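Enquirer: From TrEMBL, here are the annotated features:
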| type | residues | note |
| --- | --- | --- |
| TRANSMEM | 104-129 | transmembrane segment |
| DOMAIN | 120-377 | domain 'G-protein coupled receptors family 1 profile' |
| TRANSMEM | 141-161 | transmembrane segment |
| TRANSMEM | 181-199 | transmembrane segment |
| TRANSMEM | 219-239 | transmembrane segment |
| TRANSMEM | 273-292 | transmembrane segment |
| TRANSMEM | 325-346 | transmembrane segment |
| TRANSMEM | 358-380 | transmembrane segment |
Amino acid sequence: MISECQCIAWQQGVFEPFSVMLAAVSWASVSAAEMGSPECDSSIHGIGTLEELNHNSSLAKLLLLYQASNGTSFNWTDSRIVEWEKFAELAKYEPESQKPTVKALLIVAYTVIIVLSLFGNLLVCHVVIKNKRMHSVTSLFIVNLAVSDLMITLLNTPFTLVRFVNSTWVFGKTMCHLSRFVQYCSLHVSTLTLTAIALDRHQVILNPLKPKLSLTKGALSISGIWGLAACFSLPHAIYQKLFQYNYREATVRRLCLPNFPEPAELVWKYLDLSTFLLLYLLPLLIITVTYARLAKKLWLRNAIGDITTPQYIAHRKSKKKSIKMLVLVVVVFAVCWFPLHCYVLLISSLGIKTKNSLYFALHCFAMSSTCYNPFIYCWLNEGFRSELKSLLAMCWKAPQTQDNLIPGMTLPYREAWMQQAQYKQRVSLQSIRSTTNVQTLNTDL
């Protein structure tokens, strides 16, 4: 039992789900009453914080510390001894206090990520959906990536930020399961979608005479991706549990932690390892091989003496740009998630001591992958950039035109009508230029 006055002080750190699940399960069953402590601060406070405990301390030393601080004997049963042994063994997973500077930096970083991700990914969805010229299988996969990023931005990142700030879970049991499910499901959807994009580009470029993937089949592929990702994410959601630490009748702290079945350490270890191998390394290996073959086709196999038309040259150039853009999206995603994957594996496999600030910094870096893609599209895809400029121009000019027409009510009707007609003509010409650019490039987003 962990009390408000820190019978055994856990400080202000956050129990990280990956590192302290067994400590939470074992320690939750020891209550303040069982420890013979009606007055916490005068009895067991002398044991001190976990930093003061030697990780190699025996149970006898812990008993001496308790008796020295309390001056009384303790009625130990076999079950309590087992609980204390587990607790002493897992003391290396102690949380560290959160420094104000680190906390402030991570709060700012998380906030910027949430804002940029929401704005950028909503913009991607709007641009692609509203423009029929951009309706292709690759664009469909791009929208799926944006939806996945929006899901993790809305249903995981804010909850992680609040948990980091408050050092407790305040969102209830349902969100305890849902938030962890969303993190893994979104990660798996992104990885599998990037793999699907690579395989689709491979089919289109290396086998141009074969039928392309239709929008219907693309939608079915996306449904399969979500189903597969949900299946692999369910264990993380099912074996998540909300623990409450109560002192007398007041709830002191709630922790959302994994609670795997026995043997818990092995289940935890092999689940993380299989997730890393099957849903991170293997897809990235497939993507690497696929884009390597595409690069060889587009950059190295230029037949000497080929007679090429300007249209063919432009088409080939647009394909190269498209591949560059998609490769950069994959590289950014892989780099952002790799440190967190490795850290989780080290904790689950080797049982290393975890640090809150390090974990949340790596988690924040991984979450930042959700806000880079829209900038990559604007940078490397002229079709998307043209559509975005057209959309922003319409959004800015429409209010300005309406404001200009209000004083025009005092003008003659003919003059006001001419102003409105000129505005419509400008919008029409801009739309034609945008259409010409997209059709000339012939580039899938």
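Every residue number used here counts from 1 along the chain in the order it is shown.
Placement of Cβ uses the backbone N, Cα and C atoms for every residue, glycine included.
Keep in mind that what you see is a predicted model, and the values were worked out from it rather than measured.
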Enquirer: Run the contact check on the transmembrane segment (358-380) against the transmembrane segment (273-292): 3 or more C-beta pairs under 8 Å, excluding pairs closer than 6 in sequence.
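Expert: Counting Cβ pairs under 8 Å (6 or more apart in sequence), the transmembrane segment (358-380) does not reach the transmembrane segment (273-292), since there are fewer than 3.
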Enquirer: What else in the chain is close to the transmembrane segment (104-129), if you only count residues 6 or more beyond its ends and a Cβ gap under 8 Å?
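Expert: For the transmembrane segment (104-129), the list is 135, 139, 142-143, 146-147, 149-150, 153-154, 157-158, 160-161, 164-165, 357, 360-361, 364, 367-368, 370-371, 373-375, 377, 384, 387-388, 391, 445.
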Enquirer: Let me spell it out: take the transmembrane segment (273-292), skip the flanking residues so only those 6+ beyond its ends count, and list any with a Cβ under 8 Å from a Cβ in it.
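Expert: Same-chain contacts beyond the ends: 184, 187-188, 191-192, 194-195, 198-199, 201-202, 232, 323, 326-327, 330, 334, 337, 341, 344-345, 348-349.
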